[in-house]
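Since the structure comes first, as structure tokens, the remarks are kept for the end.
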Amino acid sequence: MAIYPLVCLWLFSTLTCCLADDLTYVNEFYSKTPQKLSKYSWFGNVRLYQFSVPEDAVFVRWLLTVIRGSGFNCENQNIAVHFRAGAPPVIDPILTAFPNSTVVSLAYNLTLTVRSGQVNNATLFNVTQPVPGDWFLAAHLPKDDGKIEQQGLPSCSYMFQPQMYVRRAVDTPIMMANIPLTQTLTAPVKLAHLKVFVPEFSSKLDSQLKIQACSVEGVPVSDCGLLVTLGSSSLGQSSVFTTNCSGVKPCTISISNPPWNAWMQVTVETSRPNVTATFSISASSTVGCKPLSIPSDFNSSFSVVGPSLGASTNNASSRPGIAPTGAASNTSEKTCLWNPAMFREDQDVLSVRFALPNGNTSVASQFPTVLTLDLHSTTDSGGVLTVQLDLNTSSLTGAFGSVRACLTSSAPVLQLNISQSCDTAFVQGYSLEVNSSETKALLRIPFPDAALWYLSLQTICNNSDDCANASAAVAVSAGLTACIDDCGPHGECRLLRTQSYLYAACVCHAGWLGWGCSDSKNALPFSQQLSAALLLTLSNLLFVPPVVVALHRAYHVEAAVYFFTMFFSTFYHACDQPGVTVMCIMDYDTLQFCDFLGSVVAVWVTIICMARLQEPVKYVFFMAGTLIIAMAMQLDRRGLWNLLGPVLVALVTMVTAWVYRAVKRHHCYPPTWRRWVFFLIPGVMSALIGVCVYTFAQTDANYYYTHSIWHAMVATSVVFLLPPREVHMPPWGWPAKLCGYRVCRSQKEELYTVT
């Protein structure tokens, strides 16, 4: 495995040597611990990796290594790897339906294949000019086929390890506003890296390139084949803007709504060999609109919101014609943007609430209202961003038509109308709209980008006659939650972790699917859930015959173990149901432990009882075995050796005892052929059928039936395998008559005396 990083380093060096220019470049290397891949049924099966791409990174290469573990007859296996910058990737490999009002953009993905004859697969994936910040990789096997694999048995397992190699420029030239920067490309240098800062409230970014001189092998030419690119690659749509500057005239590239408060990468490259080009490039940002400055007094500009988020209907912003706090109430002050402060309250892990000081906000038609939702921390990207608008119909004024809203990250939309989309320069936006007939609008975004999010609202007029006075009051409710609707009634929200990063996902029950457990195409009806619960619980009543037989043959300890197993297996399966037919008499973990412990101890005491050991030795085996089994269950309840180990030890003990008796008596033990034909062979066959069904036939779909068969076969085998009563022992283990006398028994002479 160590050879793959070395091979990748060699390839990395050979690839990047041609990119060297007057800048200073450094290499950085990062690696993650290999993890075992799982088949996909919900997002918790995904192996998530987080990488941090530094500023001024010009090239990133991932080495994706898949290693096949021990197994037999392994066929071709595909592994899906998803990439996303800024937040964990949103994926849907099993094609489920997303909940209503939920918008997603599925992440970029690629497929790795480990063929049947291969032990491993090493794949290189390159990204040029990557977006700086956190990048997430998610890897998993294809859809879960429902086969329940027993832990410890040989299987085709796969380990996945990503490694990242970064080439970073440490002295990237900075383009100052409206100041030309002269650069020269000289063969073999074909690429120049620059960057420019985009300030807040910028509505446009212009970049102009002018070629000063161009020659090929010393001969002047008119076409240098220069290509100017603005932006960084995020593997998403429209993440860069490119312009071909092939002529002698200056070329200009303009971007509307660029990301605010961010460095933008600018690259200039030539497509022609042996070229020497000198050019000047400049950039300027247009700040066309700023909000009015708020007063310096904190109390007059922001009122603290209490624990309750209830919106007041008596405040100023809910009454038509009255401007809320911080708005331009003086008509002499012209404004083109209103940016009221939002209150952020961190309530819990992946639980954030945003609120306006006065509950509602006034939305005018002349200029947009822009609300800022601060989700810039990486810890906020593992949940679900929810935004809800509620129109106050009593506040409508003028020629009101509707209120349109655009939710975007990194930069807001500053001009809203019916025909314009909500997309900004590099980011896809999401649209909401409320009107007199539809007063509520809801939007949910799983795994939002770790960035500043902007909600732009503006009133749209239904005619132009009285549009200047059109306005409305809108209640805005926004926040971050762990899961969509807490996964609803058919699922459970799980908090997951990869190293120090926390995220959440829904695990669904009873056949429900999807990110919010709202896809019912495979949902189990109530009748099927009830029948499954009855099968798994009532099949344990088949342990009543083993309890009765053990009591009748005076095996009281064994009968107690069988009753313990029957009781806890019944109520464990009643508590383990996936749907609404659930009944838990105690903690689930306790029920599971007792069920697993009782099952293995029942097998242990049955085989030890078949060995017919002397009572002191027999009970020592019972007690010591039970304690060791309990310890093993606490360490790993689903381990193969938790059952296989006690069975092997008990079988060795039984066979040793039987061989000893056969040698001592010079006769086969057990001595009668009837015992072998009518009891031992049927009991062993029942046990083998149960083990085969339990190990090889169980799937998620038939679990209710196959596991019930397992209960029946184990109970049947106990009835057949339990040895007959001792000769001197009366039925049920008690003498026929007590009659007030003390009955004494001599086990050596098998005589009874009454005193």
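Backbone N, Cα and C atoms are what each Cβ position is placed from, and that goes for glycine too.
No curator has checked TrEMBL annotations; they are predicted automatically.
These numbers come from a predicted model, not from an experiment.
Feature annotations, courtesy of TrEMBL:
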type     : residues : note
DOMAIN   : 506-517  : domain 'EGF-like'
SIGNAL   : 1-20     : signal peptide
TRANSMEM : 530-552  : transmembrane segment
TRANSMEM : 559-575  : transmembrane segment
TRANSMEM : 590-610  : transmembrane segment
TRANSMEM : 641-663  : transmembrane segment
TRANSMEM : 675-697  : transmembrane segment
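On the 0 to 100 pLDDT scale, the model's mean across the domain 'EGF-like' (506-517) is 92. Counting same-chain residues at least six beyond the ends of the transmembrane segment (675-697), those with a Cβ under 8 angstroms from any Cβ of the stretch are 150, 153, 706-707, 709-710, 712-714, 716-721. Within its own chain, the transmembrane segment (590-610) has Cβ neighbours under 8 Å at 555, 557-558, 561-562, 564-565, 568-569, 571-573, 575-576, 584, 618, 621-622, 625-626, 629-630, 633-634, 637, 642-643, 646-647, 650-651, 653-654, 714, 718, 721-723, counting only residues six or more beyond its boundaries. Residue counts of the domain 'EGF-like' (506-517) by helix, strand and coil are 0 helix, 4 strand, 8 coil (DSSP-based).
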